2 protein chains.
Amino acid sequence: MFSDNSHQTIHALGEVELITAIGKWLGPVSPPSPTGMGDDCAVMDTSNIGRQLFTTDSVSYGRHFDNSVPPSAAGAKLIKRNLSDIAAMGGHPGPALLNLLCAPNLRTDWLQDFMSGIRQTCQNYQVSIVGGDIGTLPAGQFTAALSLTGQMHVAPLLRSGAEIGDAIYVTGTLGGSIYQKHYNFTPRLTEGQWLARSNYCSSMMDITDGIAKDLNALLPQGSAAHIYLPSLPLSLDAHRHAQKTGETALKHAFCDGEDYELLITIKSEAQLSKLESEWNARFPLTPLTKIGVIATRQNDALYLDASTKEALPWVKGFEHLV
Amino acid sequence: MFSDNSHQTIHALGEVELITAIGKWLGPVSPPSPTGMGDDCAVMDTSNIGRQLFTTDSVSYGRHFDNSVPPSAAGAKLIKRNLSDIAAMGGHPGPALLNLLCAPNLRTDWLQDFMSGIRQTCQNYQVSIVGGDIGTLPAGQFTAALSLTGQMHVAPLLRSGAEIGDAIYVTGTLGGSIYQKHYNFTPRLTEGQWLARSNYCSSMMDITDGIAKDLNALLPQGSAAHIYLPSLPLSLDAHRHAQKTGETALKHAFCDGEDYELLITIKSEAQLSKLESEWNARFPLTPLTKIGVIATRQNDALYLDASTKEALPWVKGFEHLV
């Protein structure tokens, strides 16, 4: 993705031509100024938006993708990471800003492929890139950050809101995302929107650092999660990864990051069978699995095996800043 | 700003504690979730905003600031760069998202000082930091990006809109920003808002890469700018820098980047004397200088000396990606 032949790099192109090229590469997802790129700010009509969502997430070469990931898939991942945050509120995606931090020796054709993934994903989800910024990093480095807006048609599903007695559910399967799912996932937008419209949920978030780290954010003060370990929806890649690492697939499902599934708590008064049958009718291809319940905390343990009531040994998910 | 003693670094703190610390450092400019940090997205009430502005800009260690710049001033610069874009539309600043890309060996006390500059500047301009993201860079590196929203109370002043015959004005003085002004500037928010409310302007932008590069963006098709060279408002630092570089102060005023002044075109039918006297009454401390006029283009030259009609040799401002 980097080159010593400067003719192949963005350095040869220069900033002005690069911005023009990016506009072309983005095509229909880059609206004309002042709605889009080309002025000091993008101007958006928000007169019909009551509540706006606002989120940001980035991908860095060497951290969120490597040379085994096609550049277009890395670009798609940037958009989908942010879409997953919109999904986790139950929102609908809107306009976005793109920050590119590139080494001057980044290959122009690599960046074009990266942008083609952004374009395709933006088209799929009706996101437009309305502005951005280009900065430089030392040779061999690349980071892209996106700031995405969204709209709520109903009240957003927050992380706070769960109560003792609520059931804990997850969508999809968990663990081993390192093989492909970390970029080859579908953000649960339709599912999140459906859950926000329905009256079942007390709280919701997306799983980015593993349940071990993320579930804590949904637990109310003085509570602990009792987990039905045999029910955890293990992915095939969790099993595959376990064979390689010598750990259990269960641990991978609980601690691996980047599942981009929804973690949901369901109000204790809800009819779980009704929820599950409605879900299965609406999303027959997406598993929704009850993995536990929120109970009063008895001791230090945050997560317990629901059958033995013993503390689970996994309290750490993916740790950043290492 | 970096340390080999890991106890002093953000690596020792870890991500969860770092996010908590950032919330504390930001204090009152970090509103509680869901308006602010702590959920998958920030939720903003936009029901009273007709037109929203959206912009992003970053600062990188080694490019936009170095060790001679106090960390709090570097943090302030990040906010002010973005405020300058809001000013260039005539807008009022709103909530923002902060992306921090830090080496794990970044000193925690340095980051705290950087954030104190963000906090102070956000308080001064009533900006709140409602969310963000933390990513990692290799040892010795630091980049921060901000995505800032804004609101328009009147129609935004775009870059397009100038016509042949319009006069060209700049605020403040130009050149030599490398000494201090590149971080020690005041974004021209009040001035931009006043200009957007008044009926004098046909277009506006802020000068970030030097007039030589930026003015081009305001010139309509088939036009050229005739510049009154003796009128260019040279800063003291433009003179100071010229003594060091051996170039003319005029060239520094025309080509240096990071002035963060407003570049304005005034409608040909406007009474310039009325504009100037109103300006001086409203902004007695901020010079507003007529530096040229937009005329029909006769040849390749984009910028001409208004008295000799000769092409100016400076057509390049600050070049990125080098």
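Cβ atoms are placed via backbone N, Cα and C, with glycine included.
Since we're looking at a predicted model, the values are computed, not measured.
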Candidate from A:Thr55, A:Thr56 that TrEMBL assigns to the same Mg(2+) 4 site as A:Asp40, A:Asp85: A:Thr55
Greatest C-beta neighbour count within 10 angstroms, which of the binding-site residues A:Thr55, A:Thr56, A:Thr208: A:Thr55
Position of peak Cβ density within 10 Å, selected from the binding-site residues A:Asp40, A:Asp209: A:Asp40
C-alpha spacing of A:Gly132 (ATP binding site) relative to A:Asp40 (Mg(2+) 3 binding site), in angstrom: 10
Which same-chain residues, if any, lie at least 6 apart from A:Asp206 (Mg(2+) 3 binding site) yet have Cβ under 8 Å of it: A:Ser84, A:Asp85, A:Ala87, A:Ala88, A:Arg188, A:Tyr260, A:Glu261, A:Leu262, A:Leu263
Binding-site residues near A:Asp209 (Mg(2+) 5 binding site) (Cα-Cα within 10 Å), from A:Thr56, A:His64, A:Glu258: A:Glu258
Entries of A:Thr55, A:Thr56, A:Asp57, A:Glu258 which, being binding-site residues, have CA atoms within 10 angstroms of A:Thr208 (ATP binding site): A:Glu258
Fewest other Cβ within 10 angstroms of its own Cβ, chosen from the binding-site residues A:Asp57, A:Asp85, A:Asp133: A:Asp133
Proximal to chain B - binding-site residues among A:Asp40, A:Thr56, A:Asp85, A:Thr208, A:Glu258, CB under 8 Å: A:Asp40, A:Thr56, A:Asp85
